[in-house]
Amino acid sequence: MATTTQTTTNSLPSGAGGPQQLVTQMLNHTAPHYTFSFTPFLQRTYQHSLPADRPICKAYASGNCPLKSHCPERHVTASSQNTHGGGNTFSGGFGSLVCKHWLRGLCKKGESCEFLHEYNLRKMPECNFFVRNGYCSNGDECLYLHIDPLSRLPPCPHYERGFCPLGPRCDKKHFRRKLCLYYLAGFCPDGKGCKEGAHPRWTADKDMEKPRAKGEGDQMLLQQQQQQQQQQHMGDANGMGGGMAQATGANEYMDRERERDRDNREREMMMQGRDRDGGGHDRHKDRFGGGGGGGGGGRGRGGWRGRGRGGFRGKGH
C-alpha cells in the first residue's frame, strides 16, 4: 500500500501544488495562439485580431500618424477618451457602442460625444428594425448589428447543473461561467452572495425536460404542421362530399316536385275535359226540357234537326 501511494504521488506533475491547483488549471485552460501567414495582412488592413488593450497612438490623437493603417497602436479619436470630473473616464469609453449618428456623419456632439467615433465591428449598435421585424431592408449593407435570433435561446438547465449530454448539439444555449472553487470542493461559506464564481444549480431529473439536439424541435414542428394540413385537407374533402350529397338530394327533390306538378296539371286537364263534356249534356237538358231526354234516345237513329218547338223530327215520326 505504501508503494502504491508513493507511485501515485510521484505521478502528479511537478509544481502541481495539490488537487486545488489542478482544478484551477483545468478551469482556466487557455487555447494555444495560432499565427497564420495572412495574419499580418489582416492586422494591417482590417485591424483584425489586435489586442484590445494595446496603447493609443499619440501621433493619431495629435492629428497625423505617418504609419496610417500600418500602425500597431490604436487609432481612436478624442471622443473615445472623454473624461468626466477628476480625470475619470466615462463608462462609455472604449467599452461603449459606436455612435450611430457618427456612422452617418451626423453627430452634432463631436468630441463631447459619449459614444465611440470609430468603425469597430464588435462595438456596433444593434439594428432596431431587425429586432422588431426579424429582417432588415438594407441587408448586408446595414451599418448596425444584426443579432441572430438563435443566440437568444434560453439557457440549458443541464449545462447549468454541470453537464449536458448533448454538448454542442444541444438546442439551448450554454453559458460558460467560472465555477466557485469552494462550491466545487463541497461548501462555500458565502452562499448566494459568493463573488468567487458561479454555483451550479441542482435540479431533480424528474423536474427537467429531456435535452433535444438542434433540429429536433424543427422536425417536431414540421410534423405537427403536416398533420394539421392533412386534417385540413380531409375536412375540405368531407365538406366537398357533403356539399355534393346535399346538391344531389336537392336535385332529386326538385325532380320529384316537377313530376308532382306535371301529374297535377294532367289531372286538372282531365277533370276539365270531363266537366266540359258533362256540361254540354246539361245545357241540352236545360234548354229542351224533358223532351231532350227523348230526343237523346232518338238521336241514335236520325238525330235532331233544328231548334223548333216541337222537339225532334225523326224517321219514326
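Yeah, the Cβs are placed from backbone N, Cα and C, and that goes for glycine too.
Straight from Swiss-Prot, the features:
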type	residues	note
COMPBIAS	202-217	compositional bias 'Basic and acidic residues'
COMPBIAS	223-237	compositional bias 'Low complexity'
COMPBIAS	253-288	compositional bias 'Basic and acidic residues'
COMPBIAS	289-301	compositional bias 'Gly residues'
COMPBIAS	302-317	compositional bias 'Basic residues'
REGION	1-20	region 'Disordered'
REGION	202-317	region 'Disordered'
ZN_FING	51-78	zinc finger
ZN_FING	93-120	zinc finger
ZN_FING	121-149	zinc finger
ZN_FING	150-177	zinc finger
ZN_FING	179-202	zinc finger
- Item | Residues in the compositional bias 'Low complexity' (223-237) grouped by DSSP into helix, strand and remaining coil | 15 helix, 0 strand, 0 coil
- Query: Can you tell me the mean pLDDT for the zinc finger (121-149)?
  - Reply: 81
- When the zinc finger (179-202) is classified with DSSP, how many of its residues are helical, how many are strand and how many are coil? 8 helix, 2 strand, 14 coil
- the zinc finger (150-177): DSSP-derived helix, strand, coil residue counts: 11 helix, 3 strand, 14 coil
